[in-house]
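One structure below.
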Amino acid sequence: MQTAQNIPFRKMNGLGNEILVVDLRGRAKSFSEAEVKNLAGRAETHFDQMMVLHDPSTPGTTAFVRIYNADGSQVSACGNGTRCVALSVAEDTGQTEMTFETDAGLLAARVESADRITVDMGVPKFDWQDIPLAEEFRDTRAIELQIGPIDAPILHSPSVVNVGNPHAIFWVEDVAAYDLARFGPLLENHPVFPERANISLAQVVSREHIILRTWERGAGLTKACGSAACAAAVCAMRKRLTERRVTVTLPGGNLEIEWTAADRILMTGAATHEHAGILPEAPAPAT
Ligand SMILES: N[C@H](CCC[C@H](N)C(=O)O)C(=O)O
């Protein structure tokens, strides 16, 4: 396993979603799954997601961003992490507009301040094959899935969507009434989700306000999940529960989500610095 060669990192968060930002541009290096999990497990570099910047291949873009969950899995979208990367780049270069390459496509970002960073999270996908689901469901606004009676009240009929990553949204009267830590992993790994899924409880307070809690695929309970906020917003709009602009309140704070007439999802919120340092030497591989 290659050791880290004096590589700087920034520990940040997006509404409390723990993010490690590592810039590998100009270096011929990438991280193994073992290195990712090792960094996630250390107090100084602990993260829910790690955002790694690599040299881009599309002219005019700032970086290709590779995204890892704490369990080492590589994923294609992280809203909170993308805001942290955008703030980091803006502070380093003075740029306020930038575009990143990700496995889910190009993401444009605008940095007005550390409190107002907007990311275009792209176009939502609702077909069962695009989530993906293991079998055909005609109406992905409510699929036949339920959990219980291990948890009362029963959870059922989630909406599903892909916003660069897969999400299932359960609609509830009170997000605090459920032991999400207990059944989150059951649903994350449910066979109906061949690539697993991020699992959220959504409470629609008004036509402009949703309260959300999320069990994240590959990271567990987090204080915020930006892509889940996007997922809940577009699924609520699709069910005619909300307008096209909503505030989503997560345990760590608020995000503004807009599903534009051009079918793109705009997410606006803050990013916060915590500390910076040099990545620790990776441990020698067990012989
Ligand atoms: N756990 C997610 C990736 C990070 C999403 C979340 N942290 C966000 O802000 O969007 C997944 O496996 O698809």
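Even glycines carry a Cβ here, placed using N, Cα and C.
Just so you know, TrEMBL annotations never went through curation; they're auto-generated.
Residues ASN17, GLN49, ASN69, GLY79, ASN80, ASN198, GLU216, ARG217, GLY226, SER227 are recorded by TrEMBL as substrate binders, and the candidate that the same record lists for that site, out of ASN165, ASN254, is ASN165. Within the set of active-site residues (CYS78, CYS225), the lowest number of other Cβ atoms found within 10 Å of a Cβ is recorded at CYS78.
Comment: substrate site residues ASN17, GLN49, ASN69, GLY79, ASN80, ASN165, ASN198, GLU216, ARG217, GLY226, SER227; largest CA to CA distance 16 Å, whole number. For the substrate site, the Cβ centre of ASN17, GLN49, ASN69, GLY79, ASN80, ASN165, ASN198, GLU216, ARG217, GLY226, SER227 serves as reference, and the other residues of the chain with Cβ at most 8 Å from it are ASP48, VAL75, ALA77, CYS78, GLY81, THR214, ALA219, THR222, CYS225, ALA228. Spacing of ASN17 (substrate binding site) relative to CYS225 (active site, proton acceptor) is 7 Å (Cα to Cα, whole number). When the neighbouring Cβ atoms lying within 10 Å are counted for each of the binding-site residues (ASN198, SER227), the highest count belongs to SER227.
Ranking the binding-site residues ASN17, ASN69, ASN80 by other CB atoms within 10 A of the CB puts ASN69 at the bottom.
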